[in-house]
Amino acid sequence: MSDRAMVVRVRQHVNPLSQKFQQDIPVPDWSRIYEQPSQPLHLDIGCARGTFLLEMAALYPEQNFLGLEIRYPLVVAANERRDRQQLRNLHYLWGNANVHLSKILGGLPLHTVTIQFPDPWFKRRHHKRRVVTPELVATLAELLPAGGRVVLQSDVFEVAESMVQQFRAHGAFRSTCTDWLPQSPWPVATEREKCVLNKGLAVYRWQFERCAV
């Protein structure tokens, strides 16, 4: 089955609070996944089709990359593309960021986290489904070392503002900027980012650093 066929059948939004996304998941043997498991890890939460990480992994072989995605067919297709490019510093994993992160990342040298264009869940009653929660921020504070960074991006101002406020509210993070970043810190754009910029629309970006303990 082609990547295109798989994407067509994937729902754009899934409810992360659904019971099936609360169940335990197996954790890979990272020594079999990554050629150099001790390399700094860049985690992309909600990686979708994974094209951002595919390009980043090729550009930065000295880092490892992990894409976490809740829509399983996208994970399968992304790993197939990775295999075709024979990248041993990249993996995609099915999971729920608000449930599985601590178990997944135990022992991995996490250094960078990106949360880019997450599902906005516009209706107020659905805000609890948004990926950035106080609990997620607290988990990332536990997993990131001092100097580790978090980069947030969204084309929805209210969503971007909410994400920034939640990281600001946690004492373990400090902003490394005083206003929205005009440019991405990465040489690679996500598919959504390209689409938004091609339409001449705004992207709201912010960066945080994990404070010293």
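Glycine too: its Cβ is placed from the backbone N, Cα and C atoms.
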Same-site residue for S-adenosyl-L-methionine (record: Swiss-Prot; known: Asp44, Glu69, Asp119; options: Asn96, Asn198): Asn96
Cβ contacts of Asp155 (substrate binding site) (under 8 Å, same chain, 6 or more positions away): Phe117, Arg192, Glu193, Val196, Leu201, Ala202, Val203, Tyr204
CB-centroid shell, 8 A cutoff, S-adenosyl-L-methionine site Asp44, Glu69, Asn96, Asp119, site residues removed: Ile45, Gly46, Cys47, Ala48, Leu68, Ile70, Arg71, Gly95, Ala97, Pro118, Val131
Least buried by Cβ count (within 10 Å) of the recorded positions Glu69, Asp119: Asp119
